[in-house]
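Q: Take this structure, written in structure tokens, and hold onto it; I'll ask about it next.
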Amino acid sequence: MSMLENPAVKYRAAATVRLPDRRWPDAVIDRAPIWLSTDLRDGNQALIEPMDVQRKLRLFETLVRVGFKEIEVGFPSASQADFDFVRTLIEERLIPDDVTIQVLTPARAHLIERTFESVQGARQVIVHLYNATAPVMRRVVLGLDVAGIIDLATSHARLLAEHAARQSGTRWTFQYSPEMFSDTELEVSLQVVDAVTAVWNARPEQRCIINLPSTVEHCTANVFADMVEWMHRHIARRDGVVLCVHPHNDRGTGTAAAELAIMAGADRVEGCLFGNGERTGNLDLVNVALNLYTQGVAPGLDFSDIDELRRTVEYCNQLPVHPRHPYVGDLVYTSFSGSHQDAIKKAFAARREGDAWEIPYLPIDPKDLGRSYEAVIRVNSQSGKGGISYLLETEYGLELPRRLQIEFSQVVQAVMDDSGKELNASDIWAIFGREYGLGRVDDAIAQPPCITDRGHGQVELQASLDGAWAGGPAPLLLDGIGNGPVDAFVDALSKATGDAIQVLDYHEHSIGAGAQARAAAYLELRVGGGASLFGVGIDANIATASIKAVLSGWHRAACSPSTVNQQDATV
Ligand SMILES: CC(=O)SCCNC(=O)CCNC(=O)[C@H](O)C(C)(C)COP(=O)(O)OP(=O)(O)OC[C@H]1O[C@@H](n2cnc3c(N)ncnc32)[C@H](O)[C@@H]1OP(=O)(O)O
Ligand SMILES: CC(C)C(=O)C(=O)O
């Protein structure tokens, strides 16, 4: 069996909705919906190994800390473990006053009874009743027609009200889900829902929740939005109803479906952290909340330490979160490619305190979620000068001039071509030190330069270089005159070696501040009529840093011609 040439013989397109005056396309989400976490119920029922009480408690506490005010804590009639967990929350007074727990029950009398038993003594509870309404479920699973489905829903809605009346110490909210709403004819969903809200006498002082699940996501997000808007406009007792959606992610568009549903009139959304849940998962609540945040809308949920949250979720679910997962994956703030790195580096440099966030390739400031900028740029064979120099700048304080960035990126590229491996900041620093002889030039100056003022803006510089370093047995004595120490040193080195050295460009800056500050000097040289190349010197003294830079460049020209600039034509 393989894929069909004509899938239409097997699969039907989802029905569309006649809604020519649909309003949701023009809506803008300007406030957060009510959030319901179903991690401990829908998320839990999808796990290979459902959470034990200790894991459930840890996740419950985490959800409370993040800021969820409504949390579906289980399906208490499903198992003793679920029942006991709900009892633990209540008996050990673990539910904060401003948090409401929700429990799910199917429309079956003995399971409803057990559900109410599980929440005895709770301050406030949402009891969530569901039954399937879709044609296939009516036909194949329940053997009921539409009237039978309405009767099933209303008779059990009534049971909820009766149980609640017997447990009057609790503040009750009722919720009803026509399960598989997205596969149910809209008129049927409407009839069932209206019948249920009539039983519950839904009104503004006693609102109930009507939850519209895309139990299995079968249609595009715009069609789901049409369905939600249609319900929003047609349901009876709308002001007594909190309209909720419960998207799944079978088509990979759960987030889009939720966002468009909010635009279409939904007041509340149900989902799980990082999209855990049945099959491809429930709606990812973090994704929707942070999408709002990046539009300037406060989500009312706090993800300031998103990595810690991920670790907790991974521990509780015993499932990993993908490295590319929106907002939280290990790699989502990382650019490997050169042009992206270049733009990020320039945008960070241009950014001023208080500016609106406008960093290319970074839709959110990682620091808002407790991430550092460390991982923003990582260097591999797809990277360019921007990323390499960004790492040297952020980790080692070096601000390489543009032409040096270009020169050095070719050195790094050659290493990468050999190894094919990613290089981290310390690898790049080691290559930089080796290429520009940062340690070696420190040993080269056998006798520190002696500088004498000769008047008329001229100085004389005398020094001696270590013989082995200069390529001969004896120390190389230097004596030169110039209009400053660098000029005099270049003159001295040119005379002693016979290489005409020309300084083409000069940059310097300090690294750090106070007593620990050092100077970095970058000199672009031409040695003996060859191609231009850079020398780099770092020292506590700016004149010494420049002299080291001359030595670095001269030594590179003399000893490693392969690194001499080959990109003159491309700069
Ligand atoms: C889309 C969702 O996520 S809905 C939530 C789904 N979550 C879960 O199912 C997790 C917890 N569930 C469970 O642990 C179990 O299913 C239980 C304990 C609730 C029920 O277990 P069982 O009584 O063995 O039933 P089972 O799991 O086989 O469920 C199917 C039965 O329920 C019946 N059923 C389902 N909904 C209804 C309903 N509203 N009214 C009457 N019967 C129903 C089905 O027709 C089927 O009956 P059958 O065995 O006579 O054919
Ligand atoms: C019970 C309902 C809300 C559900 O989980 C679903 O339809 O996915």
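Backbone N, Cα and C atoms are what each Cβ position is placed from, and that goes for glycine too.
Just lifted these from TrEMBL, have a look:
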| type | residues | note |
| --- | --- | --- |
| DOMAIN | 33-307 | domain 'Pyruvate carboxyltransferase' |
| BINDING | Asp42, His246, His248, Asn282 | Mg(2+) binding site |
| REGION | 439-571 | region 'Regulatory domain' |
Q: Determine which residues of the same chain, besides Asp42, His246, His248, Asn282, have their CB within 8 A of the center of the CB atoms at the recorded Mg(2+) site, and list them by sequence.
A: Thr38, Pro213, Thr215, Pro247, Gly254, Glu270, Gly271, Cys272, Gly277, Glu278, Gly281, Leu283
Q: Look up Asp42 (Mg(2+) binding site) in the DSSP assignment and report helix, strand or coil.
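A: Once the DSSP labels are grouped into three classes, Asp42 (Mg(2+) binding site) ends up as helix.
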Q: Any idea which of the binding-site residues His246, His248 has the thinnest Cβ neighbourhood at 10 Å?
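A: Each of the binding-site residues His246, His248 was scored; lowest Cβ tally within 10 Å is His248.
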Q: Within the region 'Regulatory domain' (439-571), count helix residues (DSSP H, G, I), strand residues (E, B) and coil residues, in that order.
A: 50 helix, 55 strand, 28 coil
Q: Of all the binding-site residues given, Asp42, Asn282, which residue's CB has the most CB neighbours within 10 A?
A: Asn282
